[in-house]
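For TYR56, THR57, ARG58, GLY86, MET87, SER206, VAL207, THR208, the entry in Swiss-Prot reads pyridoxal 5'-phosphate binding site, with the evidence type similarity to another entry. Annotated substrate binding site per Swiss-Prot: TYR111, ARG373, in sequence order, evidence recorded as similarity to another entry. Annotation source Swiss-Prot lists N6-(pyridoxal phosphate)lysine at LYS209, citing similarity to another entry.
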Amino acid sequence: METKKYGLGTTAIHAGTLKNLYGTLAMPIYQTSTFIFDSAEQGGRRFALEEAGYIYTRLGNPTTTVLENKIAALEEGEAAVATSSGMGAISSTLWTVLKAGDHVVTDKTLYGCTFALMCHGLTRFGIEVTFVDTSNLDEVKNAMKKNTRVVYLETPANPNLKIVDLEALSKLAHTNPNTLVIVDNTFATPYMQKPLKLGADIVVHSVTKYINGHGDVIAGLVITNKELADQIRFIGLKDMTGAVLGPQDAYYIIRGMKTFEIRMERHCKNAKKVVEFLNKHPKIERVYYPGLETHPGHEIAKKQMKDFGAMISFELKGGFEAGKTLLNNLKLCSLAVSLGDTETLIQHPASMTHSPYTKEEREAAGITDGLVRLSVGLENVEDIIADLEQGLEKI
């Protein structure tokens, strides 16, 4: 399929499909650990990479290949590598491109496990990590060194949905020809933003979220050029992490991607109406959403994103107790971590995900006592708003 001729929705449905023996419409699940060779000579050629074909599911599987082809087409990259989680994608990538003595510049605002990998994981193996605000190009410029191998960031970032100018950042980072720009595009997805087209070298995803969209799979994906993808597959994934995605999970994601575009349209449409409600509510101090003109990254988001997404953070005036009260009185919204599901998910970081931390530690990470994170789902938006309204009345 010539994906460039088609729209995003068509690409998500049709890209990367492989013909199979029986001509099935749905992609078969090739539930096998290993593959049979016609001869010893063929086995030798495949291990020597002289002949295309499958060897062992840790190295590749037809069902997983279809998923990889689809996301590569959506992100407009040359190739992709599927992993068993978003952290598997991030770890497999970093363990491929980094070595002792290298330097990483990354953002202060990161997904918690990514932050832990940067702060406690990489540094154990002789890799230096500098944390900056990547939306401030002067900070990035001042942090970079001759041995800076990676600039890593999320945009929009968690929890305040900070926006980074990817085109400007990539241009700055590439003044060092050895530096790779890696972007976690989980929040935006290729529906809204394509970092490779804006100058990034590698894109990573937690496919658990919007791309699968149904809350029933843990998976990750890496998208980049063919050379780097091969290195990540045969070094970082095969030898370092072993974070291989199984064909059953790959099938679920392929199925989920068939509704990717229409789901994202509904997510974004619902979120705008929820933001409008929250922004006017007297018990809310502040709403973080890149679609608001008051958001510091609004103009950049308009420039590099097709839409503003379905993630919202807001601060309650009543602080810690107000956050708990709101969540404990909701009837429709689900109290759960993660995001990008059909259901609306809500969490209060101070009393949930970040409860082991002190107040000072939370605030250093941008998490105030009254901060609430909302992943707007696909329910009728009037029902989402009504549930939030009745919950807020209890504060």
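From the backbone N, Cα and C atoms, a Cβ is placed for every residue, glycine too.
Distribution of Swiss-Prot features across the structure.
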| residue | record | CB count, 10 Å |
| --- | --- | --- |
| THR57 | pyridoxal 5'-phosphate binding site | 20 |
| ARG58 | pyridoxal 5'-phosphate binding site | 14 |
| GLY86 | pyridoxal 5'-phosphate binding site | 24 |
| MET87 | pyridoxal 5'-phosphate binding site | 20 |
| TYR111 | substrate binding site | 19 |
| SER206 | pyridoxal 5'-phosphate binding site | 29 |
| VAL207 | pyridoxal 5'-phosphate binding site | 31 |
| THR208 | pyridoxal 5'-phosphate binding site | 24 |
| LYS209 | N6-(pyridoxal phosphate)lysine | 20 |
| ARG373 | substrate binding site | 23 |
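The two recorded residues, ARG58 (pyridoxal 5'-phosphate binding site) and the residue listed as 'N6-(pyridoxal phosphate)lysine', show a Cα separation of 23 Å. In this structure, the CA atom of THR57 (pyridoxal 5'-phosphate binding site) is 24 Å away from the CA atom of LYS209 (N6-(pyridoxal phosphate)lysine). Taking a C-beta cut-off of under 8 angstroms and a sequence separation of 6 or more, TYR56 (pyridoxal 5'-phosphate binding site) has the following same-chain neighbours: SER33, THR34, PHE35.
A gap of 10 Å separates the Cα atoms of TYR111 (substrate binding site) and MET87 (pyridoxal 5'-phosphate binding site). Binding of pyridoxal 5'-phosphate is attributed in the record to TYR56, THR57, ARG58, GLY86, MET87, SER206, VAL207, THR208, and the widest Cα separation among these residues amounts to 24 Å.
Classification of GLY86 (pyridoxal 5'-phosphate binding site) by DSSP places it within a helix. When secondary structure is read from DSSP and collapsed to three states, ARG373 (substrate binding site) falls in the strand class.
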